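Asks: Below is the structure I would like to discuss, written out as structure tokens.
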Amino acid sequence: MEGVRFVVWRLGFLVFVWFFDISSATLSPTGVNYEVTALVAVKNELNDPYKVLENWDVNSVDPCSWRMVSCTDGYVSSLDLPSQSLSGTLSPRIGNLTYLQSVVLQNNAITGPIPETIGRLEKLQSLDLSNNSFTGEIPASLGELKNLNYLRLNNNSLIGTCPESLSKIEGLTLVDISYNNLSGSLPKVSARTFKVIGNALICGPKAVSNCSAVPEPLTLPQDGPDESGTRTNGHHVALAFAASFSAAFFVFFTSGMFLWWRYRRNKQIFFDVNEQYDPEVSLGHLKRYTFKELRSATNHFNSKNILGRGGYGIVYKGHLNDGTLVAVKRLKDCNIAGGEVQFQTEVETISLALHRNLLRLRGFCSSNQERILVYPYMPNGSVASRLKDNIRGEPALDWSRRKKIAVGTARGLVYLHEQCDPKIIHRDVKAANILLDEDFEAVVGDFGLAKLLDHRDSHVTTAVRGTVGHIAPEYLSTGQSSEKTDVFGFGILLLELITGQKALDFGRSAHQKGVMLDWVKKLHQEGKLKQLIDKDLNDKFDRVELEEIVQVALLCTQFNPSHRPKMSEVMKMLEGDGLAERWEATQNGTGEHQPPPLPPGMVSSSPRVRYYSDYIQESSLVVEAIELSGPR
């Protein structure tokens with residue numbers, strides 16, 4: 001008996017020690033969380049006009065609940081602060097956040113040098129400091145970041161040379177140092193995409209370029225006494241003209257040679273036509289798979305491995321030879337306009353859209369008969385599958401997770417709309433296209449299959465791609481899409497998160513009539529929001545947050561697209577900034593009150609309230625419903 005007690009006591013002691021070790025892993029000997037200290041130091045050196053860092057509290061013991069901070073296994077793994085109007089400098093204490101995998105600070109006004117201490121972040125995979133006002137040289141310590149895939153330092157005021165140490169990083173996919181004041185030669189980096197445009201004094205890789213090719217200052221003989229009168233003056237003028245012409249010719253010649261070199265080099269960013277079927281050719285971190293590999297991984301595309309069906313194709317679960325689980329999307333239409341080159345160009349665009357809340361492309365397969373995309377497998381499926389299709393017995397998403405999903409999705413869409421080049425319109429934002437990673441972080445899928453948007457143009461199509469109930473009225477009536485089309489779809493997604501229902505399935509029960517959006521508007525006007533709530537939540541929700549999220553959803557789904565907020569504004573409203581003012585303005589008549597214009601060719605005999613269901617019934621365009629049958 002004593003022996004049993006001793007064993008039980010010892011096991012209990014070991015469990016206690018293990019728990020204590022885990023809970024105090026980020027604590028200093030004085031009991032202070034060093035990650036909290038580092039983040040607060042970062043906050044203190046930044047000017048934060050919109051108070052986005054307000055809840056970064058030095059007295060907190062857990063930074064994982066802070067805005068713009070994400071954690072993995074209890075450690076800070078991501079710092080995402082894009083487009084927050086931040087200024088000031090970046091604290092060297094950021095180097096103490098040694099579990100960081102992603103730092104995104106683009107589109108702010110941060111000044112000063114890039115801290116050398118960033119070189120300590122050995123787990124860092126993505127560093128984006130673009131579109132700020134950083135000065136000084138690029139730290140050589142960045143070469144110590146062995147896991148770095150993406151480095152964006154473009155559009156700053158950096159000087160000096162690009163450090164040779166970057167050549168030591170073998171896994172680089174993208175390096176962008178364009179539009180700075182850099183000079184000298186470039187290191188031979190492994191990145192498939194290396195952007196240097198906008199640095200007038202950069203002279204190319206050491207292996208192929210001669211940095212001494214800058215012309216020496218032209219020296220003319222000093223003027224002496226005028227012995228030949230006008231003839232001598234004419235001679236001087238001719239000499240000056242010839243010298244000027246020679247200098248101009250040299251500049252044009254040098255510029256032409258540089259542009260030719262850039263053109264030749266940029267062609268190598270993608271595949272050479274003669275190599276387009278070479279299975280060994282890859283694009284940065286992307287792998288080019290053979291059809292045989294993917295057929296084997298999916299057991300000959302067995303129907304038992306189908307994860308979902310959509311308008312673009314079928315998604316299969318796959319097991320690669322190394323045991324890795326992947327999602328294999330076999331596209332329906334192999335005859336993409338532009339053929340192989342156009343497909344590869346779109347693959348490149350997808351691969352360069354990198355954000356924690358976007359589904360990362362792992363690889364692809366391309367041949368005359370097949371177009372296949374390979375993505376990481378998401379073990380927690382889609383939001384749609386988690387809301388209703390709990391076949392595997394998983395619990396329903398609780399309220400806090402649903403709000404986290406809303407914010408994460410908004411961040412992903414902000415990146416697509418405002419930080420990608422070219423911008424990308426998703427055109428089918430819905431719960432089935434929002435996937436969940438192992439931490440239940442929202443990951444926007446299928447974005448790369450939408451049409452790309454040039455900065456100057458909106459996309460017009462004669463066939464509307466999307467899911468009924470999610471398609472914006474102007475898209476239904478005219479075929480014209482814009483970023484505001486996605487804002488509308490996001491508003492419907494918020495309603496799906498609240499109700500636990502798919503917009504496409506809404507109206508099948510006896511007490512539901514019309515479409516989801518019209519029903520929500522009616523209940524909101526009647527003050528009966530509680531009827532909206534998903535019964536699986538068992539009344540465990542925040543009533544104030546419910547009201548706020550419904551308001552955001554209604555702002556997003558206004559019929560007039562010009563009245564809808566931008567996704568960056570939506571994100572701020574979800575985080576508690578500016579919603580009250582925007583909602584009040586709408587209610588006071590400065591927002592949308594009048595009925596939207598009717599679709600072309602329709603005449604209204606009398607003013608009346610327009611409902612979303614009217615647009616669905618009246619649309620003469622082809623609607624290709626995209627609906628997945630299961631988690632992806």
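Each residue, glycine too, has its Cβ placed from N, Cα and C.
Okay, these came from Swiss-Prot:
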ACT_SITE  ASP428  active site, proton acceptor
MOD_RES   THR298  phosphothreonine
MOD_RES   THR324  phosphothreonine
MOD_RES   SER382  phosphoserine
MOD_RES   SER385  phosphoserine
MOD_RES   THR461  phosphothreonine
MOD_RES   THR462  phosphothreonine
MOD_RES   THR467  phosphothreonine
MOD_RES   TYR475  phosphotyrosine
MOD_RES   SER477  phosphoserine
MOD_RES   THR478  phosphothreonine
MOD_RES   SER482  phosphoserine
MOD_RES   THR557  phosphothreonine
REGION    415-495  region 'Interaction with geminivirus NSP protein'
SIGNAL    1-25  signal peptide
TOPO_DOM  26-238  topological domain 'Extracellular'
TOPO_DOM  260-632  topological domain 'Cytoplasmic'
Asks: If you measure THR324 (phosphothreonine) to SER477 (phosphoserine) at Cα, how many Å is it?
Replies: 44
Asks: Filter the recorded positions THR298, SER382, SER385, ASP428, THR557 down to those whose C-alpha lies within 10 angstroms of the C-alpha of SER482 (phosphoserine); answer none if the list is empty.
Replies: none
Asks: Provide, as an integer number of angstrom, the distance between the C-alpha atoms of THR478 (phosphothreonine) and ASP428 (active site, proton acceptor).
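Replies: Just about 16 Å between their Cα atoms.
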Asks: Using a 10 Å cut-off, grab the number of neighbouring Cβ atoms around the Cβ of SER382 (phosphoserine), all chains included.
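Replies: The answer is 24.
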Asks: Give me the Cα-Cα distance between TYR475 (phosphotyrosine) and THR557 (phosphothreonine), rounded to a whole Å.
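Replies: The separation of the Cα atoms works out to 13 Å.
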Asks: DSSP secondary structure for THR298 (phosphothreonine), reduced to helix/strand/coil, please.
Replies: coil
Asks: Show me the subset of THR298, ASP428, THR557 whose Cα is within 10 Å of SER385 (phosphoserine); these are the recorded positions I mean.
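Replies: Among THR298, ASP428, THR557, not one has a Cα sitting within 10 Å of that of SER385 (phosphoserine).
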Asks: When the Cα-Cα distance from SER382 (phosphoserine) is computed for each of the recorded positions ASP428, SER477, THR557, which gives the smallest value?
Replies: ASP428
Asks: Using DSSP and three states only, what is SER385 (phosphoserine)?
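Replies: In the DSSP reduction, SER385 (phosphoserine) maps to helix.
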Asks: Specify the count of other C-beta atoms within 10 Å of the C-beta of SER482 (phosphoserine).
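Replies: Neighbour count, Cβ to Cβ under the 10 Å cut-off: 21.
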Asks: Counting other Cβ atoms within 10 Å of each Cβ, which of the modified residues THR298, THR324, THR557 scores lowest?
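Replies: Selected from the modified residues THR298, THR324, THR557 on minimum Cβ neighbours within 10 Å: THR324.
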Asks: On the three-state reduction of DSSP, what should I expect for THR324 (phosphothreonine)?
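Replies: In three-state terms, THR324 (phosphothreonine) counts as coil.
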